[in-house]
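**Student:** A single structure is presented below for examination.
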Amino acid sequence: MNLRGRQVEISDPMCPLCNNSEEVAAHLFFNCSKVLPLWWESLSWVNSVGAFPKEQKDHFMQHSRRNATRTKDIRWSYWWIALTRTIWQHRNKVVFDNQTFNASKLMDEALLLVWSGLKAMEKDFDTHFNQWSSNLTDAFVGGKCKLYDLKSSQEEAIKQKDVLATEVSSLRGELQQVRDERDRQLYQVQTLSYELEKVKESRKHFSTELDSLTLKANDMEEKCSLKDNQIKALEEQLATAEKKLQVSNISAYETRTEYKGQQKFVNELQRRLADAEYILIEEERLRKKLHNTILELKGNIRVFCRVRPLLADESCSTEGKIFSHPTSMETSGRAIDLAQNGQKHSFTFDKVFTPEASQEEVFVEISQLVQSALDVCIFAYGQTGSGKTYTMMGRPGHLEEKGLIPRSLEQIFQTKQSQQPQGWKYEMIRDLISTTTRMENGTPGKQYTIKHDANGNTQVFDLTVVDVHSAKEVAFLLNQPANSR
């Protein structure tokens, strides 16, 4: 009917009451095999018979003019509207609520609707429903209807006209509301579908809620495609929406309350964190002080010896084994014996590294000095080819063979990042200390002046100071003096 006129698909176009003909207004309200006996029964109340027109307007006009007086016509008009409205309501219950058609119940509801209208519109109407409905012939033909004549019916007719006009206007408004509600629900279905997909992607653990939303979205899509001009169904949906709104308001209030509680908890944690950071800074200062004290107790000057692997020509010497390491508990790891011209020479150091010692083992021994970083100087001494550059710088391109300088820089920057709040800053001097003239690209290089004051402090003038922020920047600067060697 109206749904098809607006190009809305209907799964079953047959009449839901008789299921014998296509559902159109004329058939549903007047010609259906389930409905037609109800009109015949109403005619029996006034001892009237006759055929009904197929068109709704003609049916109404013919039905309302079967009586002589104006008051009776008005009551019959009430009955026509009440019966058609009740037929439509029962049709919706059959379609949407899966109820069975009950003609007796339909007649009772239509009579109650007419009786309610008469009680509201006729000021002298005060008959009880059971008494009024027990004699329908008298209700529509005799009884108190005879008290109204043609002269007094004019005012009543005007009132009925206004009522009908108001009701028609109201029905039109309700029809527009139904259409607007349908569009809103279609939009809501699209919105829910989008939100459903979004929830599926981001909150997999809400599987139960997603299933519920899927069923709800499918149910709403089916209702939007079938429902039109269903005032009662829309009122129920409105009530459901209000309940959901109340639940949402309660949930929002609870969320705000929980947020305030969490905010207080976060503020407390931040306060405790600030206190802990302060304590940590104080403890770190004490740790550094104790660390420096330990290093001073171990000795301000330490001498380590590292033995490089023998070369091919050295391993073929006729003098036998060139060096050996004492195994006594007192000198283990700290002494080395050298053989030359048949004589044995013993030396003792703070630490002796064998040829098998790795770069990591050497760095571990001096890492505490690097961590202290207070007036610390580490240098390598030895003849050409003894491995000084390898120990200090390592082998380029081999990360596992990095020397003391790259490893020390990495340790310094790691410590700097971990203690950034304490204001650590590291500066790298680019120029090499030299009192002689060096050639740079064919031109004389800079000369540096070294002065010592009365307190024993040393200062080098005309140096270039560069701020560095990572070990890579320091490595780049170190490559420049390395290329000038």
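The backbone N, Cα and C atoms fix where each Cβ goes, and this holds for glycine too.
Note that TrEMBL annotation is computational and uncurated.
Worth saying up front: this structure is predicted, and the values here are computed from it rather than measured.
According to TrEMBL, the protein carries these features:
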BINDING   Gly382, Gln383, Thr384, Gly385, Ser386, Gly387, Lys388, Thr389  ATP binding site
COILED    161-286  coiled coil
DOMAIN    300-485  domain 'Kinesin motor'
**Student:** Tally every other Cβ atom lying within 10 Å of the Cβ atom of Gly387 (ATP binding site).
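**Tutor:** So the Cβ neighbour count for Gly387 (ATP binding site) comes to 14.
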**Student:** Within 8 Å of the Cβ centroid of the ATP site residues Gly382, Gln383, Thr384, Gly385, Ser386, Gly387, Lys388, Thr389, which other residues of the same chain have their Cβ?
**Tutor:** Arg308, Ala380
**Student:** For a quick check of packing: other C-beta atoms within 10 Å of the C-beta of Gly385 (ATP binding site), how many?
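**Tutor:** By my count, 9.
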**Student:** Would you mind checking how many other C-beta atoms are within 10 angstroms of the C-beta on Thr384 (ATP binding site)?
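**Tutor:** Looking across every protein chain shown, the total is 5.
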**Student:** Pop the mean pLDDT for the domain 'Kinesin motor' (300-485) in here, whole number is fine.
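**Tutor:** PLDDT averaged over the stretch: 75.
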**Student:** Mind giving me a neighbour count for Gly382 (ATP binding site)? Other Cβ atoms within 10 Å of its Cβ, every protein chain shown.
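**Tutor:** Counting Cβ neighbours of Gly382 (ATP binding site) within 10 Å gives 12.
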